[in-house]
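Trainee: Checked TrEMBL, it gives:
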REPEAT    68-158  repeat 'Solcar'
REPEAT    169-259  repeat 'Solcar'
REPEAT    273-369  repeat 'Solcar'
TRANSMEM  129-155  transmembrane segment
TRANSMEM  175-195  transmembrane segment
Amino acid sequence: MTAAATIRLAVWGDDLHHRSIILCAGSGRARVGDCVQCATGTAVALRCSRCVVAARGAGATPMPLDTTLPWQHAVAGVVSGVFSKSILQPLDLVKTRMQVQRSGLAAGLTYNGFLSAFPTIVRQEGVSALYIGLWPNLVGSGVAWGAYFGFYNIAKRLWVEHRGPDQPLGPLHHLSSAAVAGVATCFLTNPIWMVKTRLQLQFRSGNANSHDYTGMVDAFRRITREEGFLALYRGLGAALTLVSNGALQFMAYEQLKRLALEHFVADRDEDQLNSGHFLAMGGVAKMFSSTATYPLQVTKARLYQRQLPTNQPAGNSSPYLYKSTRDVWAHIYKHDGFKGFYRGLLPQLLKTVPSSALTFFAYEEVMRVLKHLHQ
């Protein structure tokens with residue numbers, strides 16, 4: 001193929017990653033490959049799925065013609081969040097209980113380890129206890145992932161507009177975009193996670209406890225009435241510090257995706273990425289971010305705990321009420337040492353790594369469907 005017989009097609013995918021198609025004059029054949037400058041000094045910007053073509057002068061900057069809309073990313077995020085949480089709810093319950101079991105919950109809520117927690121819960125509370133807090137978990141996860149993916153892609157687009165479409169986004173751009181999305185999502189979902197945690201920490205026994213919440217709506221109503229509206233945002237500071245978790249996760253996912261396109265996919269064609277790629281990239285990205293930020297997750301769970309009234313019957317212990325993030329750290333280190341900050345890490349990884357893998361897999365597949373329907 002000679003230079004005179006080729007033109008360059010600068011293609012921008014929905015993830016704003018740049019790639020090019022080289023057309024051979026007269027053959028109608030095309031392949032994804034490196035950029036080749038057209039001898040006539042003409043470049044073409046092409047949006048494949050919409051077949052939008054714009055002729056441009058030599059040296060001109062290709063424009064991103066991404067036709068996906070924020071609501072599509074939000075819908076894909078909602079579906080992926082609900083999908084992953086519905087499958088992995090029991091692991092989430094065990095992880096939450098193990099994170100706080102040393103801080104004074106009701107008698108009987110002591111587990112020797114992750115594997116012993118499941119039979120203990122089933123024996124003492126029944127199989128359905130593994131699904132305590134399911135509805136707030138589904139609502140929270142759906143809202144959180146929908147908002148996160150929506151805000152994240154908006155932030156990435158703003159970066160592209162600021163830098164110009166010819167400048168690819170790097171790790172710091174993905175990190176900052178995810179951080180912005182995380183902060184916005186925290187304010188939307190903190191009340192939901194507060195209710196979910198309170199419900200999961202209730203020990204279900206044969207004796208009814210007047211202090212137990214009967215469900216998600218009851219928990220919202222009683223928390224605001226008994227503790228004030230701002231109680232729904234207790235632990236928000238710790239949750240905001242966990243923005244780093246999502247930021248690191250999305251940064252890692254974007255870099256893994258770039259490496260996959262460069263080394264494991266022919267011609268860097270994103271359409272050739274399959275479910276296995278999405279599952280692997282999502283899982284590895286979460287393993288990295290969760291291990292790095294797990295102490296902050298323990299802190300958040302402790303701050304979410306409910307303090308029962310002080311006039312409890314003898315022998316009925318109340319959880320320790322933490323005053324601040326610093327108080328949590330001091331209490332954990334005093335009673336459990338450094339290992340206390342990583343208590344429950346195994347069930348956390350066993351839950352979040354598959355959850356992230358399933359979430360990104362579902363998100364990418366739903367986005368493919370939505371983009372196809374939008375053509």
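One is the number of the first residue shown, and numbering goes on along the chain from there.
Yeah, the Cβs are placed from backbone N, Cα and C, and that goes for glycine too.
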Trainee: Please list, for the repeat 'Solcar' (68-158), how many residues fall into helix, strand and coil according to DSSP.
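Mentor: Per DSSP, the residues of the repeat 'Solcar' (68-158) fall into 76 helix, 0 strand, 15 coil.
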Trainee: What residues elsewhere in the chain lie close to the transmembrane segment (129-155), defined as a C-beta under 8 angstroms and at least 6 residues from its ends?
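Mentor: The answer is 68, 70-71, 73-82, 84-86, 89-90, 92-94, 118, 121-122, 176-178, 180-182, 184-185, 188-189, 192-193, 195-197, 199-200, 202, 204, 215-216, 219, 246, 250, 359, 363.
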Trainee: Between 0 and 100, where does the mean pLDDT of the repeat 'Solcar' (68-158) sit?
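Mentor: Computed over the repeat 'Solcar' (68-158), the mean pLDDT is 84 on the 0 to 100 scale.
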Trainee: Reported in the order helix, strand, coil, what are the DSSP residue counts of the repeat 'Solcar' (273-369)?
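Mentor: Counts, helix then strand then coil: 71 helix, 0 strand, 26 coil.
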